[in-house]
Amino acid sequence: MSSRPLLTLALSLHDRLDELSNRGQIHLVGYDLDVAAVAAVARHECLPIVNDGEVIARLSESTEILQRSYKGSTTIYGVHTGFGGSADTRPDDSSGLSKGLMQLLQTGVLVVENLDIPGLDTPQDVIPESMPSSWTRATTVVRINQCIRGHSAIRHQTVKSLLKLVAAQITPIVPLRGSISASGDLMPLSYIAGTLEGSPDIYVTKGGGKSAKIISAHDALGEIGMEPLRLGPREGLGLVNGTATSAATASLAVLDAIQLTLLSTGLTCLVSEGMAARVEWLHPFIAETRPHPGQREVAEIMRAFLKGSRLVSGLEGEASTHQHTLNVRPDEGLPQDRYPLRTSPQWLGPQFEDILLAHSQISVELNSTSDNPLTNLKTGAIHHGGNFQATSITSAVEKIRTSLQMVGKLLFSQCTEMINHQMNAGLPPNLAADDPSASFCCKGLDINIAAYQSELSYLSNSISNHVQSAEMHNQAVNSLAFLSTRYTIKAIELLGMMVAGVLYAACQAMDLRVMHATFLETVTATLQKAIADLLPNGFEAEDVERSLASAIRGLRNAWWNNAGSDASERCSLAAVAFVQVLCDPSKHHTDTPKVKVCLDLTAKEMRELQDDVRSHLSQAYHKHHSAFLEKPTTEEYIGEGSKALYLWARQDLGIPMNRGLVDHPSPGSIGKRTIGSYVSMIYQGIQDGRLFQRFATVGREVGLGNGGTNGIRKRAYAEYEIS
């Protein structure tokens, strides 16, 4: 097993999705469907194909078993009986049972009016009560895969009709609400079955993109020359009595959740660099002494991403050594990072493990028979059971949703600490690049992310404990899997917004950290040279150097510690600290060797020297500030993985460092955008997969891409496969 199981899985799924999207086809055989294939059909117009001889033979044998049993003395549910709590009825003519089933199930709320609006890729633009088209496409491919296992007595002709709908871009408009996922997702699947029947009162989208239109199922079938399907014995039940909608949407959810959870490790690296963290908490020894696989994987990813950083210290783990290669933070303060950074491997690790388990549960469900009753191809028997109960999916998506909340809580805590100048080790309030008394850059993001996290936390509550008895008390327990999956997808949207906001803020924080650190590096070198001539003669060069170093240290600490001040005041306070240390040995730091050299100045001379130093600092800062905003040098100082994510935002998306009030859009300004517009650009890049593409690429570049496919194509429960 890979030492990085979630990352290995994510890279495998990412590669497979690319492969299938480029190929344009997915061959279904009933036992090796994976979440990447579901996403390829749902989101990338990949076409499912069923042409395997064994599959077709299974379908034929299954229907033959049903036909023989139909004529026998055994009572078969849904063939000789009514449905659910009405199964005690025995219709004289069972040929109309499928029609009766469709009538009882096609009861969802869809306000269908004003449909003559071309160019809509999703019916939700017109019918907000409907499922997204991608969910319906995913549902269709999953139901096909479940049915072709040969246990549902579905004819090959019926499977071909479903495949033809997908190929012709005919997507049923399915109500968003109304499924309790007990006897499967009856109601959503009935609208797909109704489309096959050519119902004039079920609507579909036909075509995609600008050519999409909404028409009736009857008209859509007519346009492609497809005859309405007359459902055979038990076929109506076989189409609807399964977990396909829950499993399909859970597949999309887990794919996105895996990517967002991994991205949180990259974001934590960016925040660590923005905060100039002391990252000995990533040392392998810590994970070895508490060997949870998720914790170990998180730490390993973050170490690789931070490699080469000049903004963090302690990457090699020496607890007593906090020296950075660049002066990037004050010497005082906490000797170790606060919990949102220091315990991030311990916080994120369990989420990695839960999401891996959720993926496993969903993968099994994709390749399971979900129906009742089931035909046994080996014995010819028909078995009544409850494989339609989607509780495995509920279990999976509730783990995912809880994990998303935990990831969101960590990112929220990191971000609000990074924006707060009283906690961020020397960065300006709200990450303002200009004077913080009038400019508030990321303050609104702090509020936004709190709002997102509040909603995310609300959504993380369990759905399964809200089960209501339904359908004549026959479905007294029901999984609510689709409902739980819907809220999980909403949680994914919210976490995506949080990731976008935190990425924007972290890039700003890294820019500011580098801008101020490089300013101090430059100005203190020139200041040391200018002040050296003022020191009295007769002292050893080593003593003079020590005195100047102590004064420079005082200046740097004053600069970082007064990040909440405007530039003019910050320069004054730093100048005072510098001169005080030169003139008063008691102001030297206690952990430095005793200083023997100091200036003997009158109060007036001290003020004059302070003014000179302040003026020097002010001129140097404004020059450096302007040059840095014109051409930031941040990428030269950050880790290899962080650099890739930073440059994705700065170069690929063209999102610049926020310079302050001068960047606010106003009438007549050209090319300026609100902070929200830039965050929205990042969010769009998260939704369409571009950010994870960059993450995956750099993950391989920094040595994290080794490993196999993690079993994503392995057959689930192979001992039950039908050969």
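The backbone N, Cα and C atoms fix where each Cβ goes, glycine too.
Positions annotated as active site, proton donor/acceptor by Swiss-Prot, on the basis of similarity to another entry: Y77. Under the DSSP three-state reduction, Y77 (active site, proton donor/acceptor) is assigned to coil, being neither helix nor strand.
The Cβ of S183 (2,3-didehydroalanine (Ser)) lies under 8 Å from the Cβ of G84, N241, N372, F388, Q389, E471, Q475, each of these being in the same chain and 6 or more residues away along the sequence. Taken from Swiss-Prot, the feature 2,3-didehydroalanine (Ser) covers S183.
Look at Swiss-Prot and you will find N241, Q336, R342, N372, K443, E471, N474 tagged as (E)-cinnamate binding site, backed by similarity to another entry. Under DSSP, E471 ((E)-cinnamate binding site) is assigned to coil, being neither helix nor strand in the three-state scheme.
Neighbour density around each Cβ, counted as other Cβ atoms within 10 Å, peaks among the binding-site residues N241, Q336, N372, N474 at N241. Cα-Cα distance from N474 ((E)-cinnamate binding site) to Y77 (active site, proton donor/acceptor): 14 Å (rounded to the nearest whole number).
Y77 (active site, proton donor/acceptor) sits 58 Å from R342 ((E)-cinnamate binding site), taking the CA atoms of both as reference points. The Cβ of Y77 (active site, proton donor/acceptor) has 17 other Cβ atoms within 10 Å, all protein chains considered. In sequence order, I419, N430 are the residues near K443 ((E)-cinnamate binding site), counting only same-chain partners six or more apart with C-beta under 8 A.
There are 19 other CB atoms within 10 A of the CB of R342 ((E)-cinnamate binding site), with all protein chains counted.
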